[in-house]
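Features of the protein shown, as given by TrEMBL:
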| type | residues | note |
| --- | --- | --- |
| TRANSMEM | 24-47 | transmembrane segment |
| TRANSMEM | 59-80 | transmembrane segment |
| TRANSMEM | 92-112 | transmembrane segment |
| TRANSMEM | 182-198 | transmembrane segment |
| TRANSMEM | 218-240 | transmembrane segment |
| TRANSMEM | 252-271 | transmembrane segment |
| TRANSMEM | 291-316 | transmembrane segment |
| TRANSMEM | 328-345 | transmembrane segment |
| TRANSMEM | 351-373 | transmembrane segment |
Amino acid sequence: MLICAVCFIFFLLSFIRPVLWLLIIAAVIAGFGSALLSTAGGVFMALNSDSETIGRNTGIFFGLYETSLIWGNVGFFFILHGDTSISTSQRYWIFGYLLILAVLGTILVAFLKRKQASAVLRGNEFARSIKRGVWDSISITSPSVRSHFTNSLYICFLPFLPSSYSLCLTEAAAALFYDMKILMLCPLVIYLGFSAAFRNDIYNSSIGYTRKLNSLSLVGLAGIALGLGELSGSAACAAANTKNPHMSRGKIVLCGIICNYFAYLFIYLNLPSEANLGPTDKISIINPPNKGLAVFCSFLMGIGDSTMNVQIYAILAEMFGKDIVPSVGLYNSIYAIFCALAYFLSLRVELYAQMTILLVLGLSGWTTFAVLARNYARSLRYEDI
């Protein structure tokens, strides 16, 4: 995880003196770090959970993960408050502030207790099955090499193992891709990839490009609202799972989809379709556009995203306990591919057309996930009989 944090710091440093070739290299390095962090963080969370606490712990983990949206956008809001353009000095302030946050985060990662995971491995069958699955998916065949890794080193070196990052190229992940459970999760993962690009960047850019809103600081405020929504949704999932660990995951995902759909409706009413393509003076149904509604849409999308991501990670940990590493890696690979595709489409496709695509993907994703979650819960009940 330390390597992941350093990747992000390098990405931020590249913006101090932006050069095209350096920005491209930094973006690739940041993508590498993000893939590594998502896989390592998901496995670390799963190793410290059992079948009863996985839903609660996933909610807490994802909520903490998304607080980065709040801290980063707070600085963005105050630095650009009332301005309609970004000066060179303001750029230095913004990335200096983000660098401080990144360094603090790196220090916190260094203090993670690796011994905690090794203790769980000794006493928790759920975690031991994960460890067995990790070794099955790693391309190391020599017994002498395997014996070199103790439980503590296993946790320490997990983020650096090649199979943790390039899982889609290993036999374990390739076999999982043809698993019916993974295939049924794919529509929702594809939707999450598209919606991630939309809520994190495309929608925020649309706010900044809508001249009738007349405030760049509103982009930062929308980012804060998104982070608060992510935190609220994750907290709600954690609290609900604590009271009822076996509640329907399909219903929770449906709540997230509904939140996103309401956000899309309000965006349609508030922003012009051309807003994502560049600065525009055009308007939508609401004239002038409502700043509060623009921020509220980000909050709704944050709630929707967090509820769905929490359920995805939780059900992956439950269904693929022995194959948690390749399953999380495969999830991140599919997610990243369609997130990149959404960014590419956003260069040509207008806002309303993008939301139409999201509506269709969201409905299909919820349908297949609900069927999968119901069938899996039913199979568990049969095993208990």
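Cβ atoms here come from the backbone N, Cα and C positions, even for glycine.
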**Message:** What residues elsewhere in the chain lie close to the transmembrane segment (59-80), defined as a C-beta under 8 angstroms and at least 6 residues from its ends?
**Reply:** 41, 45, 86, 90, 93-94, 97-98, 101, 105, 216-217, 219-224, 226-228, 230-231, 233-239, 241, 302, 306, 309-310, 313
**Fill in**
Listed stretches 182-198, 218-240, 252-271, 328-345, 351-373 vs the transmembrane segment (291-316), most Cβ pairs under 8 Å: range 218-240
**Message:** For the transmembrane segment (218-240), give me same-chain residues lying six or more residues beyond its boundaries with a C-beta closer than 8 angstroms to one of its C-beta atoms, as numbers and ranges.
**Reply:** 55-60, 62-63, 66-78, 80, 199-200, 203-205, 207-208, 247, 252, 256, 259, 291, 294-307, 310-311
**Request:** Report, as numbers and ranges, every residue of the chain located at least six residues beyond the transmembrane segment (92-112) whose Cβ falls under 8 Å of a Cβ in that stretch; write 'none' if there are none.
**Result:** 1-2, 5-6, 8-9, 12-13, 15-16, 44, 68, 71-72, 75-76, 79-80, 86
